[in-house]
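Novice: For reference, the structure I am asking about is given below.
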Amino acid sequence: MRTPNFQRCLGPNVYPGVPEGGWGWAVAAAFFWVEVCTFGTIKSLGVFLQDLMEEFGESNSRVSWVFSICVFIFSFTAPLSTMLSNRFGFRPVVMMGGVLMSLGTITSSFSSSINEMYITMGIVSGLGYCFTFLPTITILAQYFSSRRALVTSVASSGESFAMFAFAPALSTLKEHIGWRYCLVVLGIFQASAIGFGLLLRPIIIDTEPVKEGKESESLHFKQLQTALELENEQTGISISSEDSGVTSLSTSNRDLRTAGAENKALMEWEVQDKQSMEPSLSTPPQPSQDGAFIWYSLFGLFATLGFFTPQLYIIELSKSRGVEPSWATYMLSVMAVAEIFGRLSIGVVLNKVHCRKTLVLLGCVVLLCLVLVAFTIVWEFWGLVVCCALYGYFLGTVASIHVPMLAEEDVVGIQKMSSSVGVYIFIQSFAGLAGPPLGGVLVDVTQNYSAAFFSCAVGMGLSAICLALVGPTKSGMCQRQSRHEEAGRSAEEDEEMSEDSGQPDFLEVDMVRQAADQDNVSVI
């Protein structure tokens, strides 16, 4: 008796349609906590930048490789996470990610060189971040449709709350116990994601397709039977008795009708089965559909340059501009608070607008690019505070919707999201790998931390151009698809007209005539 209850609690949820809530609220809570343990942690690691440089005697670029490798593995292994989720389910993959994430952070505290941290913090933790984050956001998108943007934005604010709390807390904690024990505490905290992984119950949308199939099948046979009777009347086929002793062929005629109907239905089912198993030769390829996804992936590639580098260097930039070290730490908190408002507001806006949602995203990206440029020209405390607030706000709008935006018809649609999200994040991995080290190299060469922000601005500008091309590419695809559908409908109408014109099906008529000849009946 205990097994059914256990399966009922942890088994899949079956709904007749997208529930727009239900167990989805528990999944949203799990995603909130996953954001705290993944992106919230990664973006708070800038607190340890100076400590690692002094501990291992390394440069900015060398230390920044720890974070860039972590982000790279996070994104690069996205297809692997998708494959494992499809094979074993979301829950075990997320729980395994929680184990790896915690293990990598704790073992990093015992590192004796920066190269060891490349493995522990970079590879092990990065793999755990991917296994934890990607399945959670994928299954969350399946529980919501009209509320998807709002729920995802609110749930993703866990990252911002983590930044707001972690930056001052870790700075204070490392002054008392050191940075190594801080990583131990952080790793134990991340292990809580294992428990939240249990909440990710899979969802099944049951629309009862079998019932509809039976009705359409019955309707098809009725139409076929009526057509056969009309053909026999129009061709004037009659049955008479001859020397063969055959008195009536009504039974044979019914058998022929049944055989013809079964044969025709079987041929149609075989054609439909082939069309479902292989692409139709009559349907032309749609490269523009892939083109829209390619442009959107390039947008994500360049935008990633501005997602992590500012948080890594904002404290050191503030110090170089004359801000007290104790106050410089709170720049991350300013970003975090503003990011919360950005994530919440963009969800409300996307639920209200009637234009393409990619256009709203494009406006946020352009404004984010301008804010990154402002970082390079501001030199006083309050100017940096304003820039941090604006950056956090627009980063929240972009970061919270750019992955769920794949589910919108403006990009690829909900049906293709599970297969495309892995590729999308995989493409982002290369920018995640290059972003922090590129900023570190520019800082080492120019001896100016604003150079790192300038590189982020350039990347964000390129991402805005790529995002602007998604809409025209998608529109071109829709127009070509509409023309193809109209051509297909016109061909079907012509075929129906030819069938309704009274011309008999020559295969079925030949079958009747051959049977009549064999049984010595006369055809009038």
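Backbone N, Cα and C atoms are what each Cβ position is placed from, and that goes for glycine too.
What TrEMBL lists as transmembrane segment is 21-42, 62-81, 93-111, 117-137, 149-171, 177-200, 293-315, 327-346, 358-375, 381-401, 421-443, 449-470. Annotated domain 'Major facilitator superfamily (MFS) profile' per TrEMBL: 24-475, in sequence order. Annotated region 'Disordered' per TrEMBL: 480-506, in sequence order. Per TrEMBL, the feature compositional bias 'Basic and acidic residues' maps to 482-491.
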Novice: Counting only residues 6 or more past its boundaries, what in the same chain has a CB within less than 8 Å of a CB in the transmembrane segment (449-470)?
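Specialist: Those are 292, 295-296, 298-306, 309-310, 312-313, 316-317, 320, 358, 361-362, 365-366, 368-369, 372-373, 375-377, 410-411, 431, 435, 438-440, 442-443, in sequence order.
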Novice: Mind checking which residues reach the transmembrane segment (381-401)? Cβ under 8 Å, same chain, six or more beyond either end.
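Specialist: Answer is 39, 149, 152-153, 156-157, 159-160, 303, 306-307, 310, 314, 317-318, 321-323, 327, 331, 334-343, 345-347, 350, 357, 361, 364-365, 367-368, 371-372, 374-375.
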Novice: Could you tell me whether the transmembrane segment (62-81) and the transmembrane segment (117-137) are in contact, taking contact to mean 3+ Cβ pairs under 8 Å with a sequence separation of 6 or more?
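Specialist: Yes; at least 3 Cβ pairs under 8 Å.
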Novice: If contact means at least 3 Cβ pairs within less than 8 Å, sequence distance 6 or more, would you call the transmembrane segment (421-443) and the transmembrane segment (293-315) in contact?
Specialist: yes
Novice: Can at least 3 Cβ pairs under 8 A be found between the transmembrane segment (93-111) and the transmembrane segment (177-200), with each pair 6 or more apart in sequence?
Specialist: yes
Novice: Where does the mean pLDDT land for the domain 'Major facilitator superfamily (MFS) profile' (24-475)?
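Specialist: Taking every residue in the domain 'Major facilitator superfamily (MFS) profile' (24-475) and averaging pLDDT yields 79.
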